[in-house]
Amino acid sequence: MRSIDIGSRQIALRLLFFVSSLLSTHAASRCSNDGSVVRNISEIPSSNYGRDGLSHITIAGAVADRLKEVEVWLQTFAPGTRTPIHRHSCEEVFVVLKGAGTLLLGSSSSKYPGQPQEFKIHANSTFTVPINDPHQVWNTGELEDLQMLVIISRPPVKIFIYEDWSMPHVAAKLKYPYYWDQECLDSPKDEL
């Protein structure tokens, strides 16, 4: 009788260990690179982070890859969707892979972003957003997704979100850590 109890406990402990290792592996896969030098982008976790029409993949980042100077995202926006009006204290480079849309770019040199400049963007185009300039990207197409490779400096990103283009810069709301970092970021970055 005792051998059955000991055998059952050993099985239960092994099963518990197996399940906990699966759970920790799943969490680790979202929050860290497995050490692979070459990875398949389609196997990197993606999410919409509660924003319909968005697909975000951090291809290489501060949290997963312990990068300090650069981060790379693949973002896909369904027709009609957009980013919030926002700014951040890092440089940003966009490469439009497919689709078409509009970049709205405000100014950081006055008290308010003001009336934004409009720039048409399309597949095989690229654009940059200077540090702290409020901006918004829209998929203005009706049928095709807008897909962009986004490169930022100084990750992880701190984002200040505006309600509209007339909101004062000082009233923009800080969102940090940002949605794709908040589950995995251990400690907040100490600078703006």
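Using N, Cα and C of the backbone, Cβ positions are placed for all residues, glycine too.
Taken straight from TrEMBL:
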SIGNAL    1-27  signal peptide
DISULFID  Cys31-Cys184  disulfide bond
BINDING   His86, His88, Glu92, His135  Zn(2+) binding site
CARBOHYD  Asn124  N-linked glycosylation site
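The structure, with features from TrEMBL marked on it.
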residue : record                      : CB count, 10 Å
Cys31   : disulfide bond              : 15
His86   : Zn(2+) binding site         : 19
His88   : Zn(2+) binding site         : 25
Glu92   : Zn(2+) binding site         : 20
Asn124  : N-linked glycosylation site : 8
His135  : Zn(2+) binding site         : 22
Cys184  : disulfide bond              : 18
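Take the mean position of the Cβ atoms of His86, His88, Glu92, His135, the recorded Zn(2+) site; other residues of that chain with a Cβ within 8 Å of it are Thr83, Arg87, Cys90, Val129, Asp133, Pro134, Ile159. Considering only the binding-site residues His86, His88, Glu92, His135, the residue whose Cα is spatially closest to the Cα of Asn124 (N-linked glycosylation site) is Glu92. Cα of Cys184 (disulfide bond) to Cα of His88 (Zn(2+) binding site): a span of 20 Å.
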